[in-house]
Structures are given as C-alpha cells and as structure tokens.
Amino acid sequence: MESYSVDVAAIAYKLKDTTNWWRDINGSRLWQDRIFHILAALYGLVAAVALVQLIRIQMRVPEYGWTTQKVFHFLNFLVNGVRALVFVFRRSVQNLHPEIVQHILLDMPSLAFFTTYALLILFWAEIYYQIAMWLILWWKYIPVLVILSKMFFAGVSLFAALGFLLYGGRLFLMLQRFPVESKGRRKKLQEVGYVTTICFTCFLVRCIMMCFNAFDKGADLDVLNHPILNLIYYLLVEILPSSLVLFILRKLPPKRESRKQQ
C-alpha cells in the first residue's frame, strides 16, 4: 500500500514538473520572442517557396494570364507573407489599441487562408459576417461578439473540412473508376487523396481549436503568454498543410507545342 502511494506521489510530481515547464516557457519573454520568430521564419520560408513556384509557372506559360494555379500560389505567398510579418512584430501588434485592431491583424491571414483552400461561397459568407462583427466591435467592444466571431471561424472551418471530405472523396472515387491504363491516373489519385486528407485534417483541427479558443482562456491564441500553443496551432493548421500541398502540387504545366516548334 505504501509503495502504491509512493508511485502516485511520483507521478503527481512529474506531472507538476511538466506543467511548470509549460508555464515557465509561456511566462518567459525570451521564449515568447524565440517561438514567434521561429513561426515568422517558417511562414517566410513557405511564402518564398510559393513565390518561386509562381515565378516558375509564369516563366513557363506567360501567355495564360492568371490561371487558377497561379492565383493559388499567389494567395499562398500573400497569406504566409502577411502571417510572417505579424509574427515578426507580434509584440507590437499585441500593444495596438483599440483591441479590435489586434483581432483584425490576427484574423485577416486566416480569411485569406480560407480563400486559398476553402470553397468560394464560404469565403463570401466569412467576409460578410466577419466584417459586420468587426464594425460592431469597433463601435463598442462586446466580449460575447468576440466569442461569436471565433465560433463563426469554427463553423466555417467545419464546413470547409466537410467540403473537402465530400468533394475530394467524390473526385477520388470518380478517378478510381477510370481505366487503369489511363495516363496520369495513379498520380492524380495520389494528389487528390493527399490534398483531401491534409485539408480535411487541417480545417477540422482549426475548428476544434477555435471552439476551445472561444470558451477557454487557457487556449486563447491572441495573447503573448501562450507561445507554445501558438507554435503547435499554426504549425498544424497553416504552415505544415501549406508546405505539404505546395510540395504535392509542385508539378509545372506542360509547355505549349507551338512554342517548341518556334
């Protein structure tokens, strides 16, 4: 019985040490700056990759104008570039007043991220309702509206996840019915399967985290003293998915035959 009590006490002590470690890093100004600068560097790297890919596509097929592929890479560059700047100046952003300005700077990259990966109609709804909430909060800060704003992000993320699951799954099943000898069938199946899985997971995690963010102060992402949570969250829902999707869709469009003949 005494041995059991000693084991329980040892486990409790280890858990307390783990909690203290998390709290010490969250309370350290040095670690806050380090983690935010790491996030800024990672976002900057993804933005640079997206820009290089956009330039490569433009040089390959300049006569096509703004294709869907070019817009996709441009938005990736824009989203990750803005997010990198926000984390570089994260402490200055936290000191901006009125407080709604902080929410705008922190939420705008998320809106652009939705534009890049989610359905267009979801983005239109996001813009309409989110700007309405911002205008009300600018006029008078109401905590309940902040919660509603975060829950709206959670809802949009959930619909985006379900959209990727539904239409990505349908496209995957349709491609599976193509003849085995069809050119590029296997590669396209892999692309659709990977992108669907990555985007569904990313938006589902974002939805869950937004729900916690709305009601649990310990999961608040808009404060300086939660750098570890920021690192985990932004890695899982933006940096890693963007990097993987850019890698999967790295193939350039084929050159036009007429250009070869010339």
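Placed from the backbone N, Cα and C atoms, the Cβ positions cover glycine too.
No curator has checked TrEMBL annotations; they are predicted automatically.
TrEMBL annotations:
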type     : residues : note
TRANSMEM : 35-59    : transmembrane segment
TRANSMEM : 71-89    : transmembrane segment
TRANSMEM : 110-131  : transmembrane segment
DOMAIN   : 130-260  : domain 'THH1/TOM1/TOM3'
TRANSMEM : 151-173  : transmembrane segment
TRANSMEM : 194-215  : transmembrane segment
TRANSMEM : 227-249  : transmembrane segment
PLDDT averaged over every residue in the domain 'THH1/TOM1/TOM3' (130-260): 80
Beyond the flanks of the transmembrane segment (35-59) by 6 or more, those residues with Cβ under 8 Å of it: 67, 69-70, 73-74, 76-77, 79-81, 83-85, 87-88, 90-91, 227-228, 230-231, 234-235, 238-239, 242-243, 246, 250, 252-253
The domain 'THH1/TOM1/TOM3' (130-260): DSSP-derived helix, strand, coil residue counts: 104 helix, 0 strand, 27 coil
